[in-house]
Amino acid sequence: MSLTKKIKNEKSLKQEKQTDQLKSNLRNNNNNINNKSKPKDQNLNTLHYIKTHLKEELFFIFCVGGIYIFYLLYGLVQEQLNVTKFGTEKKVFGFTAFLLALQCFFNMVSAWLVSLVNKEQKDNTPFMKYGFVSMLLVISTFLSNQSIRYISYPTQVLAKSCKPIPVIFMGLLLFKKKYPFLKYIVVIVISLGISLFMLPKATSKKNIQFEGHDHLFGNFILFVSLMMDGVMGPFQDNLVRQYKPSATSMMLNTNIWNLGLFSIMAFARGEVSQAIDFILEYPEVIKLILAFCITSAIGQQFIFLTTNKFGSLNCSTITTTRKFFSILVSIFYFGHSLDNLQWAAICMVFGGLILDLYISYSNKKKGVVLSPIAAPVKHPTATTPLENKKSL
């Protein structure tokens, strides 16, 4: 009996060893298979990562190119409209309210088409809420465009780039806001740059297309335009925080108001009949008007696209650098004469704007949501387009 048991035990031990060996072999085979498949999986993940980021980078380049192309063209056309003299009588198309009403119509149609394509939800913002913001916007835009008749286009673009000044000034005066110390440094640098650029020596008649016009008056109405931007920004912030409208919806509703207000202004100033007579007498101006309106509408869509896809900080960086190139294009294309002091002033202003963007990026990394005050004011115009960010 003991011998039989011993034989059975040996057999069972042998079977257990064989079973363990089989299990071990299976485990090794599985490990080998997994090890072979891991590089393939990793390669697939890497390829997917590269393709995704390559698409994003190409799309970003596409957005940057769109903003640069259409807003640089817009700047050229805008200045061309204000300096071209038609006919033997050397008449200038000076019907600002009529022109801006047409621009708002094109912007409104553009926003409406985009909202249809995107099938956006209904905007819960009361329509009348857009009225006050639109009124400030109309005043700001009208004065900004009117100022080009008295000062050079580079001066206008440089001044309108300086949003930190009115935003901080109005924030302190009306809303008792507090800002980081570096923001005040930004304002000092930009203010000094603007002051140097606008010295009497720097604003001689050779820089002004309409001789005899008072550049001091042009600077004054430009200053009022900037103050309107400073007042308008916080009200827009509040509207966006409270009702959360989409960028396209805000563009559409604001431009409906703008169209109505600019139309009233154009009729009140007697511009409608005069502008139509001018167009009939000099039909070549139609090409400039259409280019002005179309580049504005398309450029705005690129602004919205960039903000929605890549954020307001990236969009602010693009628009800030774009304004710098707009000044350069205007200087070289139209032959504006600048001295060394003015070039230094331009560098100071854009240096301050870049510092403002750097502060905003640094705060974002620290988890502090602080939009660049150098960013374009969020309203749908061609000069300072809307940004679709609640943090703005």
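Keep in mind that glycine also has a Cβ here, set from the backbone N, Cα and C atoms.
What Swiss-Prot records for 1-40 is region 'Disordered'.
Under the heading compositional bias 'Basic and acidic residues', Swiss-Prot lists 7-20.
Among the features that Swiss-Prot reports, compositional bias 'Low complexity' is placed at 25-35.
If you look at the transmembrane segment (57-77), the same-chain residues 6 or more away from its ends with a CB under 8 A from one of its CBs are 153, 157, 288, 291-292, 295-296, 298-299, 302-303, 305-306, 309-310, 314, 318-319, 322, 325-326, 329-330, 333, 382. The transmembrane segment feature in Swiss-Prot is assigned to 57-77 (among others).
Positions annotated as transmembrane segment by Swiss-Prot, on the basis of sequence analysis: 97-117 (among others).
The annotation transmembrane segment is assigned in Swiss-Prot to 124-144 (among others) on the grounds of sequence analysis. For the transmembrane segment (124-144), the residues of the chain that approach it from at least six positions outside its boundaries are 96-97, 100, 156, 160, 221-222, 224-226, 228-229, 231-232, 235-236, 239, 243-245, 249-250, 253-254, 256-258, 261-262, 265, 379, 381, 383, judged by C-beta separation under 8 angstroms.
Per Swiss-Prot, transmembrane segment is recorded for 155-175 (among others), and the stated evidence type is sequence analysis.
If you look up Swiss-Prot, you'll see 179-199 (among others) marked as transmembrane segment. Below 8 angstroms of C-beta separation, residues 155, 158-159, 162, 164-165, 168, 171-172, 219, 341-342, 344-349, 351-353, 355-356, 359, 370, 373-374 of the same chain, each at least six residues beyond the ends of the transmembrane segment (179-199), sit close to that stretch.
Nonlocal intrachain contacts for the transmembrane segment (215-235), taken as residues 6+ away from its ends with a CB within less than 8 angstroms of a stretch CB, comprise 132-133, 136-137, 139-141, 143-144, 146-151, 155-156, 159-160, 162-163, 165-167, 169-171, 174-175, 198, 203, 208, 377-379, 384. Per Swiss-Prot, the feature transmembrane segment maps to 215-235 (among others).
According to Swiss-Prot, the transmembrane segment annotation covers 247-267 (among others), on the basis of sequence analysis.
Positions annotated as transmembrane segment by Swiss-Prot, on the basis of sequence analysis: 285-305 (among others).
Per Swiss-Prot, the feature transmembrane segment maps to 341-361 (among others); the stated evidence is sequence analysis.
Looking just at the motif 'Di-lysine motif' (389-392), the mean pLDDT is 32. The feature motif 'Di-lysine motif' is assigned by Swiss-Prot to 389-392.
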